[in-house]
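TrEMBL has this to say about the protein:
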REGION    1-29  region 'Disordered'
COMPBIAS  16-29  compositional bias 'Polar residues'
DOMAIN    28-140  domain 'HotDog ACOT-type'
DOMAIN    202-315  domain 'HotDog ACOT-type'
DOMAIN    390-560  domain 'START'
Amino acid sequence: QGSTSPSCAREPGEETSGTMASPSPTRNPTEVQMSQLVLPCHTNHRGELSTGQLLKWIDTAACLSAERHAGCPCVTASMDDIYFEHTISVGQVVNIKAKVNRAFNSSMEVGIQVSYEDLCSGKHCSICKAYATFVAQDPSGSKVRLKPLTPQTEEEKLEHSIAAERRRMRLVHKDTLKDLLIRSPRETELETRDGSAAVPAEKTRVESVELVLPPHANHQGNTFGGQIMAWMENVATIAASRLCHAHPTLQAIEMFHFRGPSQVGDRLVLKAIVNNSFKNSMEVGVCAEAYGQEMSVSRRHINSAFMTFVVLDQEGRPRSLPMVAPEPGEGERRYREASARKKIRLDRKYVVSCKQTEVPLSVPWDQSNKVYLSYNNVSALKTLIAKANWALAREKEKVRLYTLEEDKFLSFRIEVSVCIAADQAFSLLSDLRRRHEWDSHYASAELVQQVDDDDMIYHVVTQALSHENKPQDFVILASRRKPCSKGDPFVVAFRSVTLPTHPASTSFTRGETLCSGFCIWPESEEMSKVAYYNQATPGFLNYVTTNVAGLSSNFCATFEACEKFLLKNKEHLTVRL
C-alpha cells in the first residue's frame with residue numbers, strides 16, 4: 001500500500017553534483033521534492049500526462065515524506081479528494097512537494113502540492129493540492145507509535161492545526177452521505193433530459209485483472225498505493241468512455257480509502273461502472289478486490305473510489321452527456337448516492353475549498369453542509385490564530401489588545417491570563433446564552449438548534465448599535481473543539497449562517513460575523529490564557545477607523561468583565577461537575 005521510489009525525489013540535506021545552493025536551514029525536515037520530465041511513455045492519446053501516472057508520482061513523494069518522519073516503512077491509508085485544475089503535456093516538468101503536516105498516534109497527514117513547469121517559456125502553474133494519510137508499520141506489520149511533529153513556520157503551524165479538522169471531516173464523511181440520502185425525496189431522483197435516450201449503466205461496466213509483480217510493490221512486498229490508484233483510474237476511464245463514446249478527462253477524485261493490503265503474487269480485480277451522469281459530468285464508481293493463487297479463497301475488498309469525468313470539445317468546454325439508466329436494486333442505490341455525492345462535492349468546494357475572502361458572510365445551513373460549515377468555521381479561526389504579524393495596540397493591567405491589518409480586513413485579539421482551568425473556561429465561554437452576563441453588547445442569545453455535541457446555532461440579539469437605531473440580531477453557528485493532542489488549545493469558533501426559520505426581521509438590523517471566537521491555552525492546572533479573536537467585516541471598518549481609542553478601551557473593559565465572570569463562576573461549575 002505504501003510506496004517509495006528514492007531515485008526520483010530529493011530530500012532536505014541531500015547534495016547533488018553541480019548544485020551550489022544549500023537547503024534553507026528552516027526547511028521542514030520531512031519535506032520531499034520530486035521533479036519528473038513528462039515523456040511520451042507517460043501520456044495518453046492526446047499527449048497529456050495520464051492521471052494514473054501522476055497519482056503514482058504523488059503517492060511516491062508522499063510516502064517518502066511520511067517515512068522520513070516515521071523512520072520506518074509506511075503504507076497509504078487514504079487519499080483525500082483531488083481536483084485537477086490543468087492538464088500537463090509532453091516535455092513539461094511535474095514538480096511535486098510533499099511534507100508531513102501532523103502526526104497523530106500511528107497515522108500522519110501528508111500535504112502534497114503539484115505544479116507544472118514549461119521549460120521553454122518558464123511558466124509555472126498549479127495542478128492540484130492533495131492530502132494523504134499514511135500509517136507507520138514495523139516489519140511484522142503492526143502499527144508504530146509516531147513521535148509528535150513540531151511546526152516551525154506560520155504556514156506549518158496553520159496546516160498542523162487544521163489537520164485535526166480535516167481528520168474529523170474524514171471520519172464523519174459516511175454519516176454525512178447517509179443523512180443526505182435519508183432526507184432526499186426518492187420520487188424526484190431519476191433525472192429526465194429531453195431529447196436524449198438513456199444508456200443502460202450495464203453497458204459501461206468494466207472488469208479487469210492485474211497480477212501484482214515485484215516492480216509494483218515496495219520493499220515489504222506490499223503493492224504501491226499509487227499503482228493501485230493508477231489501475232483504478234484506467235478502468236474508470238474505460239467505463240466513462242463507454243458512456244460518451246469519446247475520450248473523457250478526469251476532473252476530480254473522491255477519497256481513496258485503502259481497506260487492507262495486497263502483496264506480490266496477488267491478483268487484483270478492478271471493477272468500474274458509471275453510477276450517474278449529469279448535464280456535463282459523470283460519476284464512475286470503481287473498486288479493487290484482491291485474491292491469491294487459489295480461486296476458492298474469497299476476494300478481499302481493498303479499495304473504493306468515485307471519479308468525476310467530463311468530455312471537452314475543441315474549445316475546451318464540457319459537452320452534454322447522455323443519461324444513464326440504472327440497474328434495478330443496487331444500480332438505483334448507486335444512482336441516488338451519486339446525486340448525493342455531487343451535492344456534497346459542491347457544498348465542500350463552495351464552503352471548504354475556496355479562500356476565506358471568497359466565502360459569503362452568511363452561508364445557508366442545512367444537514368448536507370453542516371460538516372463543512374463547521375470545518376470552515378473552526379479552520380477560519382485557526383487561520384487567524386496562526387497569523388504572525390499581530391501588533392500590540394494597548395495593554396491595561398493584565399489585558400492585552402492586538403490588531404492585525406491584512407487586505408481589506410482588520411482583526412482584533414484580546415487576551416488575558418486567568419486563574420481558571422482551561423476546560424472550565426471552555427465550558428463557560430462556549431455557551432452564548434451566558435454571554436450577556438459579561439458582555440454588555442449582548443441582550444440575549446437563544447439556542448435555536450443543537451446540531452451535535454460540538455456545534456450549536458444561536459439567535460443573538462445585541463443592543464442598539466445600527467445606524468437605524470435598531471437592535472442588531474445575528475444567526476450564529478458556534479463550533480467547539482477540545483484539544484486533539486497535548487499542547488493543543490480549546491477552541492470556540494463563531495460565524496454567521498442563514499436559517500429559513502429565522503429570516504431577517506424589520507424589528508432588527510441583521511448583522512453578520514465573518515470570523516470570531518475564543519482560544520484557550522492551559523498554562524497550568526489552574527491557570528489559562530484566554531484569547532478572543534474578531535475579524536472585522538468591511539462594513540465595520542469605517543466605524544473602527546473613527547473610534548480606535550474608544551473601541552480599544554471598550555474591548556479591554558469587556559474582557560475585564562469576562563475575567564470576573566470566569567472567576568465568579570468557576571466554583572459553581574466545579575460543584576456541578
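Any Cβ shown, glycine's included, is placed from N, Cα and C.
DSSP labels the residues of the domain 'HotDog ACOT-type' (202-315) in these numbers: 26 helix, 53 strand, 35 coil. Per-residue confidence over the domain 'HotDog ACOT-type' (202-315) averages 92 (mean pLDDT, predicted model). Secondary structure of the domain 'HotDog ACOT-type' (28-140) per DSSP (helix as H, G, I; strand as E, B; remaining residues coil): 23 helix, 54 strand, 36 coil.
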